[in-house]
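A.B. asks: Can you keep this structure in mind? I'll have questions shortly.
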């Protein structure tokens, strides 16, 4: 693959950014009605005004650009006439022409400055519009989710226990010294935890189980991405708070408390902690072009996820909703252009099947949902969620999702591919209206969670608990825990006692 340089028009719009975004303004302009309906279905603010605002800005920008182009033609004709007069030494008429040339130069500069301003406004408005929605997505709120499959049976039916007899993961973590929430609150505040003993081993085991499955059985490339990213990476991947609007879900970093810097306003290059490995994996190829032979790409990344915004209440206690956790993420790139949607939908199905296989191996009960419009993030064309039955909570709890983002992220990150047979030198785009280079298409991206560690620990310990407090370790996970020598976490036996027993 190779990197392409940015064009002048986009440099003006994104002078504070490192990515050269190419939003398809022309298509947005032609689909105002459809975009309005799409935003209504997603229950998004601005449905009645945002698409129209983008269309109006696009029309104003193009009209002004057309006018500037005509002025440049007039300037060129005037320059030719001035050259002719200079040869004839007609100083009086030449002086008059110079005055007109200066006036034209000033008018052109004013047009260009306004175009630059309109480009910035157009990008700021258009980047908040959501992706299209797949026709098979249910319309409405969360309760409209379509249940595609339920895998396994709820433990209550297996064990013959009443729902109120199952211990919560918080109680089980205390019983087996798997996690310590109290001491973590002294160190970091609420929403954090220490994983200890089998808790620490479970995190390592689940990570390796998911990664090894992706690598050995499905051809993924393993990646350990940075957890620190620029805020514009987060934006480009679909989380787009407006400029100068507080972002409550993100942890920002600062090497020192500089009051002037903090007062300077929004900075897209400001560093923050990634909420998912999806973000750095997506941005890894920003500004690059893939050859057909290099696609598809499938990465499996292990990273820490940081979520600043939390929810209070008993339902979110313990490991269920935390500010920091380990997560194994699948990320895929397929060729865009003709057939691109079919390719990305196929990869999405592949990711869903991998997730199903992983969770079946953990011997938990889970269901697969086709999520409705109001549950889709801005970049998602379609999304599947998987929810495990958590008997200690007596409810379903999300353990993974997979989303097809089509070209939503790639346009913002400027990731393209040569179309089939189009590996010739591409001609560069000459405007900022969403068009792109000849023989180049924007790739499609797909992401999916292979293992969100805390949620899986909840599902595992609550599902596999016994009446005496023991916790069964699923067979597929055992090779990753002390070399397969432990099949049960025994109640009443400390980690040290267990290790001493194994050494005998």
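Every residue, even glycine, has its Cβ placed from backbone N, Cα and C.
Predicted automatically and left uncurated, TrEMBL annotations should be read as such.
Per TrEMBL, the feature coiled coil maps to 68-121. Residues or ranges marked as domain 'Aminoacyl-transfer RNA synthetases class-II family profile' by TrEMBL: 215-479. Annotation source TrEMBL lists L-serine binding site at 276, 307, 329, 447. The ATP binding site annotation in TrEMBL covers 307, 308, 309, 322, 323, 324, 325, 398, 399, 400, 401. The annotation site 'Important for serine binding' is assigned in TrEMBL to 449.
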A.B. asks: Report, in whole Å, the straight Cα-to-Cα distance of residue 449 (site 'Important for serine binding') from residue 276 (L-serine binding site).
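C.D. replies: Given the Cα positions, residue 276 (L-serine binding site) is 9 Å from residue 449 (site 'Important for serine binding').
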A.B. asks: Could you tell me which of these recorded positions, 401, 449, has the greatest number of Cβ atoms within 10 Å of its own Cβ?
C.D. replies: 449
A.B. asks: Can you tell me which of the recorded positions 307, 329, 447, 449 is spatially closest to residue 323 (ATP binding site)? Compare CA atoms only.
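C.D. replies: Closest recorded candidate to residue 323 (ATP binding site) by Cα: 307.
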A.B. asks: Go through the recorded positions 325, 399, 401, 449 and tell me which ones have a CA within 10 A of the CA of residue 307 (L-serine binding site).
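C.D. replies: Final answer, ordered: 325.
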A.B. asks: I'd like to know the mean pLDDT over the coiled coil (68-121).
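C.D. replies: The predicted confidence over the coiled coil (68-121), as a mean pLDDT, is 84.
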A.B. asks: Looking at Cβ-Cβ distances, which residues of the chain lie under 8 angstroms from residue 329 (L-serine binding site) while being 6 or more apart from it?
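C.D. replies: The list for residue 329 (L-serine binding site) reads 276, 277, 278, 281, 300, 301, 302, 303, 447, 448, 449, 450, given in order along the sequence.
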A.B. asks: Name, in the order they occur in the sequence, the residues of the same chain whose CB lies under 8 A from the CB of residue 399 (ATP binding site) and which sit 6 or more residues away.
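C.D. replies: Listed in sequence order: 359, 366, 386, 387, 388, 449, 452, 455, 456, 459.
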A.B. asks: With an 8 Å cut-off on Cβ-Cβ distance and a minimum sequence separation of at least 6, pull the same-chain contacts of residue 309 (ATP binding site), or say none.
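C.D. replies: Spatial neighbours, sequence-distant, of residue 309 (ATP binding site): 248, 249.
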A.B. asks: Which residues does residue 325 (ATP binding site) neighbour through Cβ under 8 Å, counting only same-chain ones at least six apart?
C.D. replies: 304, 305, 319, 452, 453, 454
A.B. asks: Which residue, out of the binding-site residues 276, 447, shows the minimum number of other Cβ atoms inside 10 Å of its Cβ in this structure?
C.D. replies: 276
